[in-house]
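Participant: Quick one: the structure is below, questions incoming.
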């Protein structure tokens, strides 16, 4: 069965309560449940992982090698700082989609640079939590369908 790994980085465990005017009221468990249901409706298994620790995210990316077809990642603040996550994603050769709930380009200057975007199969920015659904749709249509016949 095709599979997607969904990774959420630092502070995304606070979704639903952290700055709801920016990030909305959907909690991380709700987001993950919705993502799993959408993926399952398309015949795809989705695993989710969240960590506030860079090394744990790197380790989880490494573990995906060989049995994951696509990665959807919201790296949170690590977007702007983590060469390690960039190198891990490049190293496992799994296509990935970078997702951000807010439009990072309309926010503080330091949020405008991503260490991941130039290597991503796609970037989905500013669509709220719907961005995760869009990422799943894209992963199934453009990445997974190239490997599997539906």
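Placement of Cβ uses the backbone N, Cα and C atoms for every residue, glycine included.
Straight out of Swiss-Prot:
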| type | residues | note |
| --- | --- | --- |
| ACT_SITE | 23 | active site, proton acceptor |
| ACT_SITE | 100 | active site, proton donor |
| BINDING | 74, 80, 87, 101, 102, 111 | substrate binding site |
| SITE | 18 | site 'Transition state stabilizer' |
Participant: Return the residue, from the listed recorded positions 18, 80, 100, 111, with the maximum count of other C-beta atoms within 10 angstroms of its C-beta.
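Facilitator: The residue with the densest Cβ neighbourhood is 100.
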Participant: Using only the Cα atoms of 74, 80, 87, 101, 102, 111, which the record gives as binding substrate, return the largest interatomic distance in Å, rounded to a whole number.
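Facilitator: Greatest Cα-Cα span of the listed binding residues: 24 Å.
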Participant: Give the sequence-ordered list of residues that share a chain with the residue listed as 'active site, proton acceptor', lie 6 or more positions from it, and have CB atoms under 8 Å from its CB.
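Facilitator: When sequence neighbours closer than 6 are ignored, the residue listed as 'active site, proton acceptor' has 15, 16, 101, 102 within Cβ distance under 8 Å.
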Participant: With an 8 Å cut-off on Cβ-Cβ distance and a minimum sequence separation of at least 6, pull the same-chain contacts of residue 74 (substrate binding site), or say none.
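Facilitator: Counting only residues 6 or more apart in sequence, the Cβ neighbours of residue 74 (substrate binding site) under 8 Å are 7, 8, 9, 12, 98, 99, 100, 101, 132.
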Participant: Judged by the number of other CB atoms within 10 angstroms, which among 87, 101, 102 is the least packed of the binding-site residues?
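Facilitator: It is 87 that, of the binding-site residues 87, 101, 102, has the fewest other Cβ atoms within 10 Å.
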Participant: Determine, to the nearest whole angstrom, how far the Cα atom of residue 111 (substrate binding site) is from the Cα atom of residue 18 (site 'Transition state stabilizer').
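Facilitator: Distance between the two Cα atoms comes out at 17 Å.
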